Amino acid sequence: MKDPIDLYMNTLVPMVVEQTSRGERAYDIYSRMLKERIIFLSGPVHDGMSSLICAQLLFLEAENPSKEIAMYINSPGGVVTSGLSIYDTMQYIRPKVSTLVIGQAASMGSLLLTAGEKGMRFSLPNSRVMVHQPSGGYQGQATDIMIHARETEKLKRRLNEIYVRHTGQDLETVEAALERDNFMSAEDAKAWGLIDEILESRNRPDDTAK
């Protein structure tokens with residue numbers, strides 16, 4: 001059975017037609033946004049998404065290493081290692097990466113949200129953010145289960161250190177906050193240091209200037 005989200009994304013993505021010196025050229029909407037240095041991180045985080053996001057980041061760096069990249073996030077989270085590959089690429093490249101949550105940034109999504117450039121991490125007013133510790137289920141021999149449990153504990157410590165680095169909270173505060181699912185409003189996320197500003201609207205031209 002096909003994933004209904006994949007089916008939707010593959011069949012209902014709008015196309016944008018532009019006039020060029022060589023005639024008309026059609027882009028899917030996400031490719032057109034990429035031309036404006038906007039990346040959409042939407043849906044669960046997994047290896048396939050990670051590869052696409054990292055490739056877009058590296059492409060935009062190669063195109064202009066000094067111009068800002070904007071990342072719009074609406075994600076429930078997902079695979080930790082996939083998310084960390086995106087995180088590492090964000091820190092590795094030369095352009096500053098601005099992050100903006102639209103909808104939700106949960107689990108690994110919240111880590112990628114706070115990984116944006118300091119002062120350039122934003123939320124729309126009704127977005128939700130959720131932080132928690134990593135989880136996983138394993139089966140097999142008892143020894144293998146213990147090995148996986150130790151690895152999960154190492155990942156937990158590493159993720160906590162990343163939140164400490166980007167939020168300014170101390171380790172004890174982060175550990176307590178991530179012990180269980182911890183949902184935050186945009187205001188809570190700002191107070192906790194996950195984001196820097198809440199954006200309600202873009203700057204609009206003065207109505208009298210029409």
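Including glycine, each Cβ sits where the backbone N, Cα and C put it.
What you are looking at is a predicted structure, and each value in this text was computed from that prediction instead of being measured.
Every protein chain shown contributes to the tally, and the Cβ of Ser107 (active site, nucleophile) ends up with 26 other Cβ atoms within 10 Å. Per Swiss-Prot, the feature active site, nucleophile maps to Ser107.
In three-state terms derived from DSSP, His132 (active site) belongs to neither a helical nor a strand segment and is classed as coil. Long-range C-beta contacts of His132 (active site), restricted to its own chain and to partners at least six residues apart, with a cutoff below 8 Å, comprise Ser107, Leu178, Glu179, Arg180, Asp181, Asn182. The active site annotation in Swiss-Prot covers His132.
In this structure, Ser107 (active site, nucleophile) belongs to neither helix nor strand by DSSP; it is coil.
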